[in-house]
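The structure appears below as structure tokens.
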Amino acid sequence: MVHRTIRVGGLTRVEGEGALLVRARDGRVNDLQLRIYEPPRFFEALLRGRAFTEPPDITARICGICPVAYQMSACQALESICGVTVDGPLRDLRLLLYYGEWIESHALHIYLLHAPDFLGYPSGIAMARDHRAVVERGLALKKAGNDLVAAVGGRAIHPVNVRLGGFHRLPDLRGLSERLEHALTLALETVDWVSGFDFPDVEHDYRFLALTHPDEYAILSGDLPGFPVDEWPLHITEEQVPHSTALHSRLDGRRGYLTGPLARYNLNFAKLSPRAREAASALGPVCLNPYKSIVVRAIETVHACDESLRILDRYKPPDAPTVPVEPRPGVGHGASEAPRGTLLHRYRIDDDGLIAEADIVPPTAQNQARIEDDLRVLVEPRLGLPVPELTALCERAIRNHDPCISCSAHFLELCLEQ
Amino acid sequence: MDVVLASLEPLIRALREGGHTVVGPTVRDGVIRFAELSSAADLPAGWRDEQEPGRYRLHASSGPAEVFGFAASPDSVKRYTHPPRSSLFRWIEDTAVETPVEAPRLALLGVRACDLAAIAVQDRVFLGGRHPDEAYRARREALFLIAVTCSTPGGTCFCASMGSGPRATTGFDVALTELADGFLAEPGTARGRDLLAALPHRPATEDDREAAERIESTAAARMGRRVDLDGIRERLVEQRESPLWDEIASRCLMCASCTMVCPTCFCVTTEDADDERFERWDSCFTLGFTELGGEPVRSSGGARYRQWLTHKFSTWVDQFGTYGCVGCGRCVTWCPAGIDLTEELRAVTEEAGTRDVTTQGTEASATVSTALERLR
Amino acid sequence: MKKLAVWKFASCDGCQLTLLDCEDELLTVAARIEIAHFAEASSVSSPGPYDLSLVEGSISTPEDRERIRHVRRISKHLVTIGACATAGGIQALRETPALLPVVYARPGYIATLDRATPVSAHVPVDFELRGCPIDKRQLLEVIAAFLAGRRPVIPTHSVCVECKARGNPCVLVAHGTPCLGPVTQAGCGALCPAFNRGCFGCFGPMETPNPAALKITVESPWYTERSESAG
Ligand code: SF4
Ligand code: SF4
Ligand code: SF4
């Protein structure tokens, strides 16, 4: 029986930092914990007692990588309480804003965080030394996404133009189509590029959670598998675990389900835009290999560019930038597809128009248990490997899921006991 | 030769066809402001503004749809003659390469007498000295100016007491006065005359001219505010030590909005971005602007307000031979704290004893502390 | 080559993402300064000391208090980036520990300080860059100034200066919309008023803020009437 404790400095190239604890005995993993030490920021509590109009601006600050997702889930939850639906051109503007965030976030992850794993570099910047043109293409794609967010929302991080009922001001969309045409070309090249990587031969039997919509590759609205959005608290429950400041989620009582690009792709493949489906023909409609999530992200980027172009084409400015929203007491739910997966919000508004309760379930918290399962499968047969090598493998496996640890986590360290 | 134009459409079309970008007042974002016009339909016919210290509102008028029934816009001509930010030069290798001046051919339609007076002040500032500003000159020379007589001065206007309005007498290519059935148009330059001659018109009659004069005198009598210029230069300088400066500062936000909207304020600073140097608007109200050797020279708000007001009504005359104020009232309307320069000027320069400074001070600080309490 | 480190405490990652959002400049910056520690972007970290540390996030746990002291020890220059690091940020709105039971069923697991505090409450800070998030032009200026050995040129005047330069009509004067622009430091380019909303102060107080004067304005009786065409 061997006992060993090894510490390896933080988990990197995820949006944040993290640690992993593995306890093994006689070649078997007894315990595996993805540790999350993000200093808690208490958003749900600090929202209480604030005006019902404030959550979009405040919850955006939960995550600087996907602020739009927070704004959209919050708006929809609150609007549902107030009996307001935002549709037509205003919904189109929301979609544009959201696609901008997808393009930006996916390009960031593909080029600067994930691809270096496949090509053997410690970072996108280091990769640029040998592959400058490739990294520049990634940055140009990312910039196109940021430009789209900034055009509709005012700025790329924490956009200021979003409000309940729509927007503060109708945006100026001139010039965006040309830029997105170019981005679409770059995104198609990205699919080709990442499809040529060497992928470990792994498949997992995932349980997926993602929005589905009758007409769209769902991003802004739809149903969850088997239940409508306003029933999510009945199906998704959170539990606190001692090793983490993030809460772990269960779906219908069972831990370990997956949300994010793989989930969307497998559930909604048929709804991809024509260009995206064409780009996906090599991968096919089913993808259970987490390493290939990089290809799925690239395909979703094509979809986002393609759909944005279609919206820009049909967009006619509405008469007003917003529909009026008056507070009503009640409870409401909102869900939308952040780049990393389904982001769930629930609020209660009291008689004075103030927030009485807020519940937010970010995608990374939902995926945490599933990431642990991926890691268990990875680590057990490789316990004999030298630790640095094992660490690198684990980090890679974690990065497959693009965990936005700021939604939940920070400063993890790898600790292997065997 | 003055004429009467039935509509402004042919005027706008002729200017556009002549290669000008026509810029004039239009309703945008709850204000009447300058923007490119594609036709006379873009003009704010039927809109009236209401201007008070710290307050501006637009209303659809119930009476006849006058096209120019409003007063000064938030933006002045300064935006075009002396833009908020412009590139000076760019480092290419080790040499600074001057940025070519952009001087688009603009026709400004609907500038007021106070705007023209402000351009005259700017001309002295930028072109008068030994180092004329060639960029200003280029932009200035590219302008075609179409003035309009103010029929409805704003609540904060005082051009009549500054002797700069309400009717333009010089400095324009064409001057319009809106009559019941058209626009009396007088040329001010040869090119203005040529333009008018080419437009459909009828000759002006004595009745038209009398109507225009009536509009002018009614407007002059309806100025929302006035200042007393008699001995103002000396009276201001004598009040250097007045305790009122600090009292004003207790109400002032030091946000610099007044100097930004002022059509004559010309202070700038430079800033660098990448390898390019820019000039941009600055203000005597910012701390950084008064910095010398890392320390602000005028660190108190009172000193900065004093500098501004004294410059406008006293030291500007020493420097440039005119007042630095044309009476457009913009700084009064657009001050978020509603500080009224005409009122402060009166208070500061009134003889000592006519306003009880100590009580004033206490009252003001009482309001301030109540406000602060409520803010907590 | 000088060494740059980027650190994260309690925050949303938005400010450090701003560095990666400098798409046109990132590779040039990386050629002029070694990005030696940036966990969000690179899995190698070369050891300190570092010439310039950019710190994001507020300090809200006992471990973080120790960690920021360590960062200070190994950094020649320490610049805080963003409202979290400079002023405590949005999480400073919380009042713990009273809030704790609301989010976490069993508060015993979580160790926090009573408040989310700015970095300067713990260690000396060489420069504070404002904004939630910071502005990327200003971030590039801070790095350029550091490389040139001079103080960054970051205006500290009000948002109104930028607002007027941008040509926005003042939302406070013209629409009666509450706006913190007159008491807030510039840097964003007067973004919110450009979108017809009032500034909510994400760049923190300007050089000589006079909130009392603003309060009086906001309380004046005509304040809430709206212009007919304000939209
Ligand atoms: S200051 Fe704002 S943008 Fe920056 S890390 Fe904090 S919450 Fe995010
Ligand atoms: S809108 Fe706000 S920031 Fe802009 S000038 Fe008015 S008070 Fe200042
Ligand atoms: S206007 Fe104010 S709240 Fe809006 S981005 Fe600028 S500083 Fe932040």
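Cβ atoms are placed via backbone N, Cα and C, with glycine included.
Any TrEMBL annotation is an automated prediction that lacks curation.
Among the features that TrEMBL reports, Mg(2+) binding site is placed at A:Glu44, A:Ile360, A:His410. Cβ contacts within 10 Å of A:Glu44 (Mg(2+) binding site), excluding its own Cβ and spanning all protein chains shown: 21.
The Ni(2+) binding site annotation in TrEMBL covers A:Cys63, A:Cys66, A:Cys404. Other Cβ atoms within 10 Å of the Cβ of A:Cys66 (Ni(2+) binding site), summed over all protein chains shown, number 30.
Secondary structure at A:Cys66 (Ni(2+) binding site), as computed by DSSP, is coil. Summarising the annotation, TrEMBL assigns Fe cation binding site to A:Cys66, A:Cys407.
Taking Cβ-Cβ distances under 8 Å and a sequence separation of 6 or more, the neighbours of A:Ile360 (Mg(2+) binding site) in its chain are A:Phe43, A:Glu44, A:Thr59, A:Ile62, A:Tyr70, A:Ser73, A:Leu343, A:Leu344, A:His345, A:Arg346. Checking the binding-site residues A:Cys63, A:Cys66, A:Ile360 against chain C with a Cβ-Cβ cut-off under 8 Å leaves A:Cys63.
Residue density at A:Cys63 (Ni(2+) binding site): 32 other Cβ atoms are found within 10 A of its Cβ, drawing on all protein chains shown.
For the recorded site, A:Glu44 (Mg(2+) binding site), the DSSP three-state label reads helix.
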